[in-house]
Amino acid sequence: MANDYISFVFKSLLLLIHLVFLGQHHVDSASVVKSLPGFEGPLPFELETGYIGVGEEEEVQLFYYFIKSERNPKEDPLLLWLTGGPGCSAISGLLYENGPLTMKLDVYNGTLPSLVSTTYSWTKNSSMIFLDQPVGTGFSYSRTELFNKPSDTGEAKRIHEFLQKWLGKHQEFSSNPFYVGGDSYSGITVPATVQEISKGNYQCCKPPINLQGYMLGNPITDSKIDGNSQIPYAHGMALISDELYESLKRICKGEYEHVDPYNTECLKLLEEFNECTSKLYRSHILYPLCEMTNPDCYIYRYSLSHYWVNDETVRKALQINKESIREWKRCDWSKPYTKDIISSVPYHMNNSINGYRSLIFSGDHDFEVPLIGTQVWIKSLNYAIVDKWRPWMINNQVAGYTRTYANKMTFATVKGGGHTAEYKPDETFIMFQRWINGQALYGKVKLLQKTE
(Lines of atoms letter the chains of each structure in order from A and count residues from 1; the text may use other names and numbers.)
(Lines give C-alpha, C1' and ligand atoms only; values in the text may rest on other atoms or scores of the structure.)
Protein backbone atom coordinates (compact mmCIF):
# COMPACT_ATOMS: atom_id res chain seq x y z
CA MET A 1 0.00 0.00 0.00
CA ALA A 2 2.81 2.39 0.93
CA ASN A 3 4.51 1.75 -2.41
CA ASP A 4 1.23 2.33 -4.26
CA TYR A 5 0.75 5.62 -2.40
CA ILE A 6 4.30 6.76 -3.21
CA SER A 7 3.77 5.79 -6.84
CA PHE A 8 0.49 7.74 -6.92
CA VAL A 9 2.12 10.83 -5.41
CA PHE A 10 5.05 10.59 -7.81
CA LYS A 11 2.75 10.30 -10.85
CA SER A 12 0.63 13.19 -9.57
CA LEU A 13 3.73 15.36 -9.22
CA LEU A 14 4.82 14.48 -12.75
CA LEU A 15 1.36 15.39 -14.05
CA LEU A 16 1.43 18.67 -12.13
CA ILE A 17 4.88 19.52 -13.50
CA HIS A 18 3.66 18.69 -17.02
CA LEU A 19 0.59 20.91 -16.62
CA VAL A 20 2.70 23.76 -15.29
CA PHE A 21 5.05 23.32 -18.25
CA LEU A 22 2.13 23.43 -20.66
CA GLY A 23 0.71 26.46 -18.91
CA GLN A 24 4.00 28.29 -19.24
CA HIS A 25 4.48 27.41 -22.87
CA HIS A 26 1.00 27.33 -24.37
CA VAL A 27 -0.41 30.60 -23.09
CA ASP A 28 -0.29 33.29 -25.75
CA SER A 29 1.29 36.51 -24.58
CA ALA A 30 0.63 40.12 -25.53
CA SER A 31 2.11 43.29 -24.10
CA VAL A 32 1.36 46.96 -24.66
CA VAL A 33 4.59 48.84 -25.32
CA LYS A 34 4.52 52.48 -24.23
CA SER A 35 8.13 53.40 -25.01
CA LEU A 36 11.17 51.99 -26.79
CA PRO A 37 14.88 52.39 -26.07
CA GLY A 38 16.38 54.81 -28.56
CA PHE A 39 13.15 56.76 -29.09
CA GLU A 40 12.74 59.99 -27.19
CA GLY A 41 9.55 60.17 -25.11
CA PRO A 42 6.43 57.98 -25.19
CA LEU A 43 5.47 56.34 -28.48
CA PRO A 44 3.01 58.51 -30.47
CA PHE A 45 1.02 55.42 -31.46
CA GLU A 46 -0.36 52.28 -29.80
CA LEU A 47 2.02 49.31 -30.08
CA GLU A 48 1.39 45.76 -28.93
CA THR A 49 3.83 42.87 -29.23
CA GLY A 50 3.26 39.22 -28.48
CA TYR A 51 3.28 35.57 -29.43
CA ILE A 52 0.52 33.41 -30.85
CA GLY A 53 1.00 29.64 -30.70
CA VAL A 54 0.01 27.58 -33.73
CA GLY A 55 -0.05 23.84 -34.31
CA GLU A 56 -1.83 21.07 -32.40
CA GLU A 57 0.21 21.73 -29.28
CA GLU A 58 1.22 25.26 -30.23
CA GLU A 59 4.73 24.05 -30.99
CA VAL A 60 5.30 27.08 -33.22
CA GLN A 61 5.29 30.50 -31.56
CA LEU A 62 4.80 33.36 -34.03
CA PHE A 63 5.88 36.82 -32.89
CA TYR A 64 4.04 39.93 -34.02
CA TYR A 65 4.04 43.72 -33.74
CA PHE A 66 0.57 45.29 -33.83
CA ILE A 67 0.05 49.01 -34.34
CA LYS A 68 -3.40 50.58 -34.17
CA SER A 69 -4.53 52.99 -36.86
CA GLU A 70 -3.85 56.59 -35.92
CA ARG A 71 -7.12 57.67 -37.56
CA ASN A 72 -10.06 55.49 -36.53
CA PRO A 73 -9.03 51.99 -35.40
CA LYS A 74 -12.66 50.96 -34.80
CA GLU A 75 -13.49 51.26 -38.50
CA ASP A 76 -10.22 51.51 -40.44
CA PRO A 77 -8.89 48.50 -42.36
CA LEU A 78 -6.70 45.91 -40.66
CA LEU A 79 -3.61 44.96 -42.69
CA LEU A 80 -1.35 41.96 -42.13
CA TRP A 81 2.11 42.72 -43.55
CA LEU A 82 4.39 39.82 -44.49
CA THR A 83 8.03 40.63 -45.22
CA GLY A 84 9.74 38.65 -47.98
CA GLY A 85 12.89 36.58 -47.93
CA PRO A 86 11.85 34.00 -47.04
CA GLY A 87 13.40 34.64 -43.65
CA CYS A 88 13.34 38.44 -43.32
CA SER A 89 12.04 39.83 -40.05
CA ALA A 90 8.92 41.97 -39.68
CA ILE A 91 11.28 44.70 -38.47
CA SER A 92 12.24 45.21 -42.13
CA GLY A 93 8.73 46.38 -42.89
CA LEU A 94 8.17 48.22 -39.65
CA LEU A 95 11.43 50.21 -39.57
CA TYR A 96 12.33 50.53 -43.25
CA GLU A 97 9.22 50.37 -45.43
CA ASN A 98 5.85 51.47 -44.11
CA GLY A 99 5.89 51.74 -40.31
CA PRO A 100 5.74 54.78 -38.00
CA LEU A 101 9.41 54.54 -36.89
CA THR A 102 12.75 54.23 -38.64
CA MET A 103 16.42 54.16 -37.71
CA LYS A 104 18.17 57.51 -37.40
CA LEU A 105 21.03 57.38 -39.89
CA ASP A 106 23.99 58.06 -37.62
CA VAL A 107 27.32 56.25 -37.76
CA TYR A 108 27.36 53.54 -35.10
CA ASN A 109 29.66 54.51 -32.22
CA GLY A 110 28.96 51.71 -29.76
CA THR A 111 25.91 53.33 -28.18
CA LEU A 112 22.32 52.30 -28.85
CA PRO A 113 21.12 53.54 -32.28
CA SER A 114 18.24 56.01 -32.23
CA LEU A 115 14.74 55.82 -33.67
CA VAL A 116 12.79 58.68 -35.26
CA SER A 117 9.19 59.08 -36.43
CA THR A 118 8.28 58.81 -40.11
CA THR A 119 5.82 60.84 -42.17
CA TYR A 120 4.75 57.98 -44.45
CA SER A 121 3.45 55.28 -42.11
CA TRP A 122 0.60 53.19 -43.46
CA THR A 123 -0.73 53.14 -39.90
CA LYS A 124 -2.02 56.67 -40.45
CA ASN A 125 -5.18 55.12 -41.88
CA SER A 126 -4.89 51.37 -41.18
CA SER A 127 -4.14 49.13 -38.24
CA MET A 128 -1.22 46.84 -39.06
CA ILE A 129 0.11 43.49 -37.91
CA PHE A 130 3.78 42.94 -38.77
CA LEU A 131 4.42 39.19 -38.45
CA ASP A 132 7.73 37.36 -38.06
CA GLN A 133 7.29 34.48 -40.51
CA PRO A 134 8.13 31.79 -41.48
CA VAL A 135 8.97 30.02 -38.22
CA GLY A 136 12.60 30.73 -37.32
CA THR A 137 12.40 34.30 -38.63
CA GLY A 138 12.99 37.23 -36.29
CA PHE A 139 11.68 36.22 -32.86
CA SER A 140 9.34 33.46 -34.06
CA TYR A 141 10.49 29.97 -33.13
CA SER A 142 9.59 26.31 -32.81
CA ARG A 143 10.03 24.23 -29.66
CA THR A 144 11.00 21.15 -31.67
CA GLU A 145 13.10 20.66 -34.80
CA LEU A 146 10.23 18.69 -36.32
CA PHE A 147 8.23 21.90 -36.81
CA ASN A 148 11.22 24.07 -37.71
CA LYS A 149 11.15 23.23 -41.43
CA PRO A 150 8.66 25.60 -43.06
CA SER A 151 7.28 25.56 -46.60
CA ASP A 152 5.19 27.87 -48.78
CA THR A 153 1.94 25.95 -48.34
CA GLY A 154 2.64 25.12 -44.70
CA GLU A 155 3.23 28.77 -43.79
CA ALA A 156 -0.01 29.84 -45.49
CA LYS A 157 -1.86 27.46 -43.16
CA ARG A 158 0.07 28.67 -40.11
CA ILE A 159 -0.60 32.30 -40.94
CA HIS A 160 -4.30 31.55 -41.31
CA GLU A 161 -4.33 29.84 -37.91
CA PHE A 162 -2.41 32.78 -36.44
CA LEU A 163 -5.05 35.19 -37.76
CA GLN A 164 -7.95 33.15 -36.39
CA LYS A 165 -6.38 33.11 -32.94
CA TRP A 166 -5.26 36.73 -33.06
CA LEU A 167 -8.73 37.94 -34.04
CA GLY A 168 -10.21 35.71 -31.35
CA LYS A 169 -8.18 37.70 -28.82
CA HIS A 170 -8.87 41.03 -30.54
CA GLN A 171 -12.55 40.67 -31.38
CA GLU A 172 -12.98 44.43 -31.66
CA PHE A 173 -11.23 44.14 -35.05
CA SER A 174 -13.17 41.14 -36.38
CA SER A 175 -15.53 43.28 -38.46
CA ASN A 176 -12.88 45.64 -39.87
CA PRO A 177 -12.07 45.24 -43.58
CA PHE A 178 -9.08 42.90 -43.67
CA TYR A 179 -6.20 42.89 -46.16
CA VAL A 180 -2.93 40.98 -46.57
CA GLY A 181 0.16 42.69 -47.98
CA GLY A 182 3.83 42.11 -48.59
CA ASP A 183 6.66 42.36 -51.07
CA SER A 184 9.40 40.35 -52.76
CA TYR A 185 9.06 36.64 -51.78
CA SER A 186 5.69 37.45 -50.23
CA GLY A 187 4.50 37.33 -53.83
CA ILE A 188 4.36 33.59 -53.16
CA THR A 189 3.15 33.66 -49.55
CA VAL A 190 0.45 36.34 -49.74
CA PRO A 191 -1.70 34.90 -52.58
CA ALA A 192 -1.52 31.45 -50.94
CA THR A 193 -2.51 32.94 -47.57
CA VAL A 194 -5.42 34.83 -49.14
CA GLN A 195 -6.66 31.61 -50.73
CA GLU A 196 -6.30 29.78 -47.41
CA ILE A 197 -8.33 32.45 -45.59
CA SER A 198 -10.97 32.45 -48.32
CA LYS A 199 -11.26 28.66 -48.20
CA GLY A 200 -11.51 28.76 -44.41
CA ASN A 201 -14.28 31.36 -44.55
CA TYR A 202 -16.40 29.02 -46.68
CA GLN A 203 -15.48 25.65 -45.20
CA CYS A 204 -14.64 25.75 -41.55
CA CYS A 205 -14.03 28.90 -39.64
CA LYS A 206 -16.53 31.04 -37.79
CA PRO A 207 -16.72 33.92 -37.56
CA PRO A 208 -15.25 34.41 -41.03
CA ILE A 209 -12.36 36.82 -41.51
CA ASN A 210 -13.63 39.95 -43.26
CA LEU A 211 -11.19 39.53 -46.13
CA GLN A 212 -11.43 42.22 -48.80
CA GLY A 213 -8.22 41.96 -50.78
CA TYR A 214 -4.43 42.03 -50.89
CA MET A 215 -1.48 44.07 -52.14
CA LEU A 216 1.99 43.14 -53.33
CA GLY A 217 5.12 45.11 -54.16
CA ASN A 218 7.63 43.78 -56.71
CA PRO A 219 6.32 40.27 -56.04
CA ILE A 220 8.23 37.12 -56.84
CA THR A 221 5.53 35.16 -58.65
CA ASP A 222 6.89 32.62 -61.10
CA SER A 223 10.64 31.93 -61.26
CA LYS A 224 10.59 31.33 -65.01
CA ILE A 225 8.61 34.48 -65.83
CA ASP A 226 10.53 36.63 -63.34
CA GLY A 227 13.92 35.32 -64.44
CA ASN A 228 13.27 35.57 -68.16
CA SER A 229 12.20 39.20 -67.78
CA GLN A 230 15.60 40.38 -66.55
CA ILE A 231 17.27 40.43 -69.96
CA PRO A 232 14.56 42.45 -71.77
CA TYR A 233 14.47 44.76 -68.75
CA ALA A 234 18.24 45.21 -68.89
CA HIS A 235 17.95 46.10 -72.57
CA GLY A 236 15.14 48.56 -71.93
CA MET A 237 17.23 50.29 -69.25
CA ALA A 238 20.28 50.46 -71.57
CA LEU A 239 22.31 48.05 -69.42
CA ILE A 240 23.15 45.88 -72.44
CA SER A 241 23.62 46.68 -76.12
CA ASP A 242 21.05 46.19 -78.86
CA GLU A 243 23.38 43.68 -80.50
CA LEU A 244 23.74 41.54 -77.38
CA TYR A 245 20.00 41.63 -76.76
CA GLU A 246 19.14 40.57 -80.31
CA SER A 247 21.71 37.76 -80.14
CA LEU A 248 20.34 36.53 -76.81
CA LYS A 249 16.80 36.49 -78.19
CA ARG A 250 17.84 34.65 -81.33
CA ILE A 251 20.26 32.12 -79.86
CA CYS A 252 18.58 31.47 -76.48
CA LYS A 253 15.06 31.75 -77.94
CA GLY A 254 13.80 33.78 -74.97
CA GLU A 255 14.72 31.08 -72.42
CA TYR A 256 17.35 32.41 -70.04
CA GLU A 257 16.52 30.48 -66.86
CA HIS A 258 16.62 26.84 -67.93
CA VAL A 259 19.17 26.90 -70.70
CA ASP A 260 20.01 23.81 -72.73
CA PRO A 261 23.55 22.90 -71.51
CA TYR A 262 24.45 21.96 -75.09
CA ASN A 263 23.58 25.44 -76.32
CA THR A 264 27.11 26.73 -75.70
CA GLU A 265 26.57 29.85 -77.80
CA CYS A 266 23.70 30.88 -75.52
CA LEU A 267 25.79 30.20 -72.42
CA LYS A 268 28.58 32.43 -73.76
CA LEU A 269 26.10 35.23 -74.43
CA LEU A 270 24.77 34.90 -70.88
CA GLU A 271 28.33 35.26 -69.58
CA GLU A 272 28.59 38.50 -71.54
CA PHE A 273 25.26 39.62 -70.06
CA ASN A 274 26.54 38.88 -66.55
CA GLU A 275 29.69 40.90 -67.21
CA CYS A 276 27.49 43.90 -67.98
CA THR A 277 25.20 43.55 -64.96
CA SER A 278 27.01 41.74 -62.13
CA LYS A 279 28.30 44.94 -60.54
CA LEU A 280 24.84 46.49 -60.21
CA TYR A 281 22.91 46.84 -56.95
CA ARG A 282 19.99 44.74 -58.11
CA SER A 283 17.40 46.09 -55.68
CA HIS A 284 17.80 49.55 -57.22
CA ILE A 285 20.05 49.88 -60.24
CA LEU A 286 20.81 53.58 -59.63
CA TYR A 287 22.28 52.92 -56.18
CA PRO A 288 25.95 51.97 -55.76
CA LEU A 289 26.91 48.39 -54.98
CA CYS A 290 28.77 48.58 -51.67
CA GLU A 291 29.36 46.91 -48.31
CA MET A 292 26.92 47.14 -45.40
CA THR A 293 29.78 48.26 -43.15
CA ASN A 294 30.26 51.43 -45.22
CA PRO A 295 28.31 54.33 -43.59
CA ASP A 296 27.91 55.93 -47.03
CA CYS A 297 26.23 52.80 -48.39
CA TYR A 298 22.43 52.67 -48.58
CA ILE A 299 22.26 49.28 -46.87
CA TYR A 300 24.31 50.52 -43.89
CA ARG A 301 20.97 51.34 -42.25
CA TYR A 302 20.30 47.62 -41.96
CA SER A 303 23.29 47.18 -39.66
CA LEU A 304 21.80 49.76 -37.27
CA SER A 305 18.72 47.60 -36.71
CA HIS A 306 21.03 44.67 -35.90
CA TYR A 307 22.67 46.65 -33.09
CA TRP A 308 19.32 48.00 -31.89
CA VAL A 309 17.29 44.77 -31.80
CA ASN A 310 20.09 42.74 -30.19
CA ASP A 311 20.34 45.16 -27.27
CA GLU A 312 18.97 43.59 -24.07
CA THR A 313 16.96 46.70 -23.14
CA VAL A 314 15.17 46.55 -26.49
CA ARG A 315 14.36 42.85 -26.12
CA LYS A 316 12.98 43.54 -22.66
CA ALA A 317 10.84 46.42 -23.94
CA LEU A 318 9.49 44.23 -26.75
CA GLN A 319 8.75 41.43 -24.24
CA ILE A 320 10.71 38.81 -26.16
CA ASN A 321 10.16 35.25 -24.94
CA LYS A 322 13.38 33.87 -23.44
CA GLU A 323 12.99 30.69 -25.48
CA SER A 324 13.60 32.69 -28.64
CA ILE A 325 16.64 34.55 -27.33
CA ARG A 326 19.47 34.27 -29.81
CA GLU A 327 21.26 36.61 -32.17
CA TRP A 328 18.54 38.40 -34.10
CA LYS A 329 19.11 38.72 -37.84
CA ARG A 330 17.19 41.01 -40.14
CA CYS A 331 17.28 38.33 -42.83
CA ASP A 332 18.40 34.77 -42.14
CA TRP A 333 19.02 32.92 -45.39
CA SER A 334 20.47 29.83 -43.68
CA LYS A 335 17.19 28.38 -42.39
CA PRO A 336 15.76 25.34 -44.19
CA TYR A 337 12.74 26.20 -46.30
CA THR A 338 10.77 24.21 -48.87
CA LYS A 339 9.61 26.21 -51.88
CA ASP A 340 6.67 24.05 -52.88
CA ILE A 341 4.74 26.72 -54.82
CA ILE A 342 6.38 27.00 -58.24
CA SER A 343 4.06 29.75 -59.42
CA SER A 344 1.52 31.85 -57.54
CA VAL A 345 -0.35 32.78 -60.75
CA PRO A 346 -3.08 30.13 -60.13
CA TYR A 347 -3.61 31.62 -56.65
CA HIS A 348 -4.11 35.07 -58.17
CA MET A 349 -6.65 33.56 -60.55
CA ASN A 350 -8.58 31.86 -57.74
CA ASN A 351 -8.53 34.98 -55.58
CA SER A 352 -9.83 37.05 -58.49
CA ILE A 353 -12.64 34.57 -59.10
CA ASN A 354 -13.61 34.95 -55.44
CA GLY A 355 -13.93 38.71 -55.91
CA TYR A 356 -11.00 40.06 -53.91
CA ARG A 357 -9.42 43.39 -54.78
CA SER A 358 -5.69 43.49 -55.43
CA LEU A 359 -2.99 46.11 -55.87
CA ILE A 360 0.23 45.01 -57.56
CA PHE A 361 2.96 47.63 -57.68
CA SER A 362 6.49 47.67 -59.06
CA GLY A 363 9.39 50.01 -58.45
CA ASP A 364 10.65 50.65 -61.96
CA HIS A 365 14.36 50.44 -61.05
CA ASP A 366 14.19 46.96 -59.51
CA PHE A 367 16.38 44.39 -61.27
CA GLU A 368 15.47 41.54 -58.88
CA VAL A 369 11.83 41.31 -60.00
CA PRO A 370 11.51 43.57 -63.05
CA LEU A 371 8.14 45.13 -63.76
CA ILE A 372 8.21 43.54 -67.24
CA GLY A 373 7.79 40.07 -65.73
CA THR A 374 5.00 41.24 -63.45
CA GLN A 375 3.13 42.60 -66.47
CA VAL A 376 3.60 39.27 -68.27
CA TRP A 377 1.89 37.18 -65.60
CA ILE A 378 -0.86 39.77 -65.08
CA LYS A 379 -1.55 39.62 -68.82
CA SER A 380 -1.71 35.81 -68.61
CA LEU A 381 -4.78 36.09 -66.36
CA ASN A 382 -6.67 37.27 -69.48
CA TYR A 383 -8.78 39.91 -67.78
CA ALA A 384 -10.12 42.86 -69.72
CA ILE A 385 -8.53 46.27 -69.20
CA VAL A 386 -10.97 48.63 -67.47
CA ASP A 387 -8.82 51.75 -67.24
CA LYS A 388 -6.09 52.35 -69.80
CA TRP A 389 -2.41 52.89 -68.99
CA ARG A 390 -2.01 56.38 -67.59
CA PRO A 391 0.14 58.34 -65.14
CA TRP A 392 -0.80 58.71 -61.50
CA MET A 393 0.18 62.01 -59.98
CA ILE A 394 1.34 63.57 -56.73
CA ASN A 395 1.39 67.37 -56.57
CA ASN A 396 1.03 67.56 -60.36
CA GLN A 397 4.11 65.39 -60.84
CA VAL A 398 4.17 61.88 -62.32
CA ALA A 399 4.66 59.36 -59.50
CA GLY A 400 4.25 56.32 -61.73
CA TYR A 401 1.87 54.69 -64.17
CA THR A 402 -1.21 52.58 -63.57
CA ARG A 403 -3.79 50.36 -65.21
CA THR A 404 -6.84 48.54 -63.80
CA TYR A 405 -8.43 45.27 -64.84
CA ALA A 406 -11.88 43.70 -64.76
CA ASN A 407 -10.85 41.33 -61.95
CA LYS A 408 -10.50 44.28 -59.51
CA MET A 409 -6.75 44.20 -59.94
CA THR A 410 -4.80 47.45 -60.09
CA PHE A 411 -1.25 47.51 -61.40
CA ALA A 412 1.00 50.49 -60.73
CA THR A 413 4.60 51.43 -61.23
CA VAL A 414 6.48 53.63 -58.76
CA LYS A 415 8.74 56.01 -60.67
CA GLY A 416 12.25 55.82 -59.27
CA GLY A 417 11.28 52.97 -56.95
CA GLY A 418 13.25 49.84 -56.18
CA HIS A 419 12.62 46.32 -54.93
CA THR A 420 10.70 47.36 -51.80
CA ALA A 421 8.63 50.33 -50.67
CA GLU A 422 11.54 51.88 -48.74
CA TYR A 423 13.10 53.48 -51.83
CA LYS A 424 10.05 55.72 -52.40
CA PRO A 425 8.18 55.60 -49.07
CA ASP A 426 6.18 58.82 -49.47
CA GLU A 427 4.94 57.96 -52.94
CA THR A 428 4.15 54.38 -51.94
CA PHE A 429 2.19 55.61 -48.92
CA ILE A 430 0.05 57.93 -51.05
CA MET A 431 -0.56 55.12 -53.54
CA PHE A 432 -1.60 52.78 -50.72
CA GLN A 433 -3.78 55.46 -49.12
CA ARG A 434 -5.73 56.06 -52.33
CA TRP A 435 -6.18 52.36 -53.02
CA ILE A 436 -7.20 51.33 -49.50
CA ASN A 437 -9.72 54.21 -49.42
CA GLY A 438 -11.35 52.88 -52.58
CA GLN A 439 -10.02 55.47 -55.00
CA ALA A 440 -8.46 54.85 -58.36
CA LEU A 441 -4.86 55.98 -58.20
CA TYR A 442 -5.57 58.78 -60.64
CA GLY A 443 -8.50 60.02 -58.56
CA LYS A 444 -11.89 58.43 -59.30
CA VAL A 445 -13.70 57.08 -56.23
CA LYS A 446 -14.74 53.43 -56.35
CA LEU A 447 -16.55 51.09 -54.01
CA LEU A 448 -14.30 49.57 -51.33
CA GLN A 449 -16.27 46.56 -50.09
CA LYS A 450 -16.08 43.22 -51.85
CA THR A 451 -19.46 42.23 -53.22
CA GLU A 452 -20.67 38.72 -52.46
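Placed from the backbone N, Cα and C atoms, the Cβ positions cover glycine too.
Here is what Swiss-Prot says about this protein:
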type	residues	note
SIGNAL	1-29	signal peptide
DISULFID	CYS88-CYS331	disulfide bond
CARBOHYD	ASN109	N-linked glycosylation site
CARBOHYD	ASN125	N-linked glycosylation site
ACT_SITE	SER184	active site
DISULFID	CYS252-CYS266	disulfide bond
DISULFID	CYS290-CYS297	disulfide bond
CARBOHYD	ASN350	N-linked glycosylation site
ACT_SITE	ASP366	active site
ACT_SITE	HIS419	active site
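All features noted in Swiss-Prot, drawn onto the structure.
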{"residue": "CYS88", "record": "disulfide bond", "Cβ contacts under 8 Å, 6 or more apart": "THR137, SER184, ARG330, CYS331"}
{"residue": "ASN109", "record": "N-linked glycosylation site", "Cβ contacts under 8 Å, 6 or more apart": "none"}
{"residue": "ASN125", "record": "N-linked glycosylation site", "Cβ contacts under 8 Å, 6 or more apart": "SER69, GLU70, ARG71, ASP76, PRO77, GLN433, ILE436, ASN437"}
{"residue": "CYS252", "record": "disulfide bond", "Cβ contacts under 8 Å, 6 or more apart": "VAL259, ASN263, CYS266, LEU269, LEU270"}
{"residue": "CYS290", "record": "disulfide bond", "Cβ contacts under 8 Å, 6 or more apart": "TYR281, ASP296, CYS297, TYR298, ILE299"}
{"residue": "ASN350", "record": "N-linked glycosylation site", "Cβ contacts under 8 Å, 6 or more apart": "GLN195, SER198"}
{"residue": "ASP366", "record": "active site", "Cβ contacts under 8 Å, 6 or more apart": "ASN218, ARG282, SER283, HIS284, ILE285, GLY417, GLY418, HIS419"}
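Here the disulfide-bonded residues are CYS266, CYS297, CYS331, and the one with the most other Cβ atoms within 10 Å of its Cβ is CYS266.
The secondary structure of CYS88 (disulfide bond), as reduced to three states from DSSP, is extended strand. Other C-beta atoms found within 10 angstroms of the C-beta of HIS419 (active site) number 22, with every protein chain shown included.
In this view, SER184 (active site) is surrounded by 25 other Cβ atoms within 10 Å of its Cβ, with every protein chain counted.
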